[in-house]
Amino acid sequence: MYQYNDSDTICAISTAPGCGGIAVIRVSGPDAISIINKIWRGKPLSSVGTHTAHLGTITDPENPTEPLDSGVATVFRAPGTFTGEDVVEISVHGSVWIQRELINLLIRTGCRLAQPGEFTRRAFANGKLDLAQAEAVADVIAATSRSAHRLASSQMRGDFSKRIGTLREKLIEIASLLELELDFSEEDVEFASRIHLAELAKNLHTEISSLAATFSTGSALKNGIPVAIVGEPNAGKSTLLNALLNESRAIVSDIPGTTRDTVEDTIEIDGVMYRFIDTAGLRETSDHVENLGIGRSFEAIERARIVIWLVTPDISQEKLTELHTEIKKHLAEGATLLTVLNKTDLLASPTDLPHPLQNIFTESQEPVTTEKSTQRPILISASTGHNIDRLTQALHTLSGTNDSAGADLMVTNARHYEALTLAAESLARVLDGLRANLSGDFIAQDLRETIHHLSAITGTITTTDLLTSIFQNFCIGK
Ligand code: GDP
């Protein structure tokens, strides 16, 4: 394994791979300025102030007659820089050849190629960011929707870390109260009543658990909310998907499915990214649909947080009940079933619905079922676009973006979620111990464990392995 040496001066291309208008090569480390100075024709960079930009020419000293490129060097002097070290960013023309030659030249002049995420790792090592903030740098860069961006930038600013820090301080306070009790146990003096300590621990347990509980929404907002559109053949699923794609007026991209080799349509609507599961098949054919009309879509239902069940006015009561039972069976824990009646343009008015649908699909009616299905049916026409906005509003409500209480403070990172879950578990043991009046020694042990798990989130306590596993997922140049 590569050994990080923080005294090396590192370099990497920080712009996206390939050819662009310009490319930025970032250099960081104790010799950043002196190394660049050796290949720089222009004002000597050793004498310039911090946070200043300079036009010049990059020339290999071994080939002085043929400059590599003209460019701009921006000099940032330690310690007020991203990494906390001297940093120089060189902007050159975006040719792939120039980028490669410049990196080679920098390496020949004394730099080392940066490891993945090494700039951010150095920022962490130099106390510029804590670990949760460093992880958020990658999330800000990867964000593809307004809500994902908002969550990541709030975390990068340190809001999440502050919350963890406060929880940690309160735990330390309990620990010190318990310690006092231990120190003076011989003297039979009660310093903090067990009831008071249990009260404090209980409140913290509630806070930690509810923070952990935001992970499901937080990770869906970060990665896109999985939505399945199901229904019988010809219900209008692909027409609806196209209507939603048109509605989005935003980037629409095909991304490879995360768990299988399918292509998923992702759509940003009102700042939230939705991943439509298994839609590749929807668009081309309904062949895979088996007799119940939803066939292998069961798998899509299981993976979805929101299931749009499309029915048409001509569906029989029998089929309706049968499909509904099947869908409910496959609905994931916490997922919502959105019943949508399509092709309403074929009806004079929704109240003309043939019996028995009339009772079910009149808008003022209660949902088809109360169990696992909290939404009223929405009446749309996928082909005319009628009420598609109602449907997107319903999606937005279900996305959880509007869940007010600290909406920006959601857990989006699986590592943080795991640590919070472990912290909640050990704190529950503390609580049990306090209630059972166990000896302070036992309780202190679990309390230390709780503090440890929270400390691991922000990196107050960390290991080289943990850092490596986090930063190796970054790209080179970050
Ligand atoms: P899928 O098999 O569920 O994907 O259904 P399609 O989207 O292929 O639609 C089946 C047929 O229903 C096509 O001929 C569509 O044009 C038609 N269709 C879809 N939505 C509507 C609608 O809202 N109103 C009417 N009248 N026809 C629709």
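For all residues, glycine too, the Cβ spot is worked out from N, Cα and C.
Here TrEMBL flags Arg26, Glu89, Lys128, Lys478 as (6S)-5-formyl-5,6,7,8-tetrahydrofolate binding site. DSSP assigns Lys128 ((6S)-5-formyl-5,6,7,8-tetrahydrofolate binding site) to coil, not to a helix or a strand.
TrEMBL lists Asn234, Ser253, Ile255, Thr258 with the feature K(+) binding site. Asn234 (K(+) binding site) falls within neither a helix nor a strand when secondary structure is assigned with DSSP, and so counts as coil.
Among the features that TrEMBL reports, GTP binding site is placed at 234-239, 253-259, 278-281. The number of other CB atoms found within 10 A of the CB of Asn234 (K(+) binding site), across every protein chain shown, is 16.
Ser238 (Mg(2+) binding site): 18 other CB atoms within 10 A of its CB, across all protein chains. Per TrEMBL, Mg(2+) binding site is recorded for Ser238, Thr259.
Here TrEMBL flags 224-400 as domain 'TrmE-type G'. Confidence over the domain 'TrmE-type G' (224-400), given as mean pLDDT on the 0 to 100 scale, stands at 74.
In terms of C-alpha distance, the listed binding-site residues Arg26, Glu89, Lys128, Lys478 place Lys478 closest to Ser238 (Mg(2+) binding site).
Separating the Cα atoms of Lys237 (GTP binding site) and Lys478 ((6S)-5-formyl-5,6,7,8-tetrahydrofolate binding site) is a whole-number distance of 41 Å. In three-state terms derived from DSSP, Arg26 ((6S)-5-formyl-5,6,7,8-tetrahydrofolate binding site) belongs to an extended strand segment.
Of the listed binding-site residues Lys128, Lys237, the Cβ environment within 10 Å is emptiest of other Cβ atoms at Lys128. Secondary structure from DSSP puts Lys478 ((6S)-5-formyl-5,6,7,8-tetrahydrofolate binding site) in coil. Neighbour density for Glu89 ((6S)-5-formyl-5,6,7,8-tetrahydrofolate binding site): within 10 A of its CB lie 20 other CB atoms from the protein chains shown.
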